[in-house]
Amino acid sequence: NETTVTEFILLGFSSNPALQLCLFGLFSVLYSATLMGNALVFVLICLDYHLHSPMYFFLCHLSIVDICYASNNVPYMLKNLLGQGRTISFAGCGTQIHLYLIFALTECVLLAVMSYDRYVAICHPLRYTLIMNRRVCLTLAAVSWAFGFVFGTLQASLALHLPFCGPCEVDHFFCEILAVLKLACTDTTANKVLIFAVCVCFLLFPLALILISYLYILATILRIRSAPGWQKTFSTCGSHLTVVGLFYGNAIFMYMGPGSSKSSGKEKVLSLFYSLVIPSLNPLIYSLRNKQVKEALLK
């Protein structure tokens, strides 16, 4: 007597037309800022040869991830806010989950790689170009994307092979994996255990590596006596630490905090924060706190 679900209904934030219009305007501005800001950083890094270094190579990849990450969820959300229908096909929902996991996991690894780059640059400056050569940079970037693709595909495949027989209302503004799992007509304990295990590997483990890298960096900074040296070090590391704190903090609270399996207003706001707000802030953070990027922008 079971029927297969062919489409889902995204409940979104509110059914109030006036509020939906206000949210559409706000989210449109943030999405435009995300696209323009990250595209500008990408173009600056490609055009200015002074920015052809490992740090900006990884920043370029971060900009690509942020553009793809926001573009996976936000356009459909804006369409729903305009009243163009809240339904999404099963295939479309699966695509959202798949791409969302790939880009999120890739960014987790990429931020850890960027911290290693800063560790080598500050703690081993004389061997920096030798250690972080072109081959190593390409390998680290490829590993980041490969890990995101493999584990994102694994989670999405296991979730989408579950039986869905109704109800079909997703209490979220996009097909977030935990919200979709709640609609499965079977026990999803194995899926949730896998999600938790992936969170440990892609959130806690990289965060531990980042903290260890910055402990070594801090020890090196304390030995710097000149004010310009302090300023240069903080300008390159401060922006990365800000992004790390925003991204990992929200993701850990969302997926590993108490009651992380529930989809409520608070979880929607947190999802919106790291799906749209953080990608729009990344270019601003790196541009305002980095002298070389500002000089390239002025040129």
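The first residue you see is number 1, and the count goes up from there.
A Cβ is built for glycine as well, from the same backbone N, Cα and C atoms used for every other residue.
Note that the structure is predicted; figures quoted are calculated from it, not measured.
As annotated in TrEMBL, transmembrane segment covers the listed stretch 238-257 rather than the other ranges in 218-237, 238-257. Counting same-chain residues at least six beyond the ends of the transmembrane segment (18-44), those with a Cβ under 8 angstroms from any Cβ of the stretch are 12, 51, 59-60, 63-64, 66-67, 70-71, 74-75, 77-78, 81-83, 276-277, 279-280, 282-284, 286-287, 293, 296-297. Ranked by the number of CB pairs under 8 Å to the transmembrane segment (238-257), the listed stretches 56-77, 97-116, 136-154 are led by 97-116.
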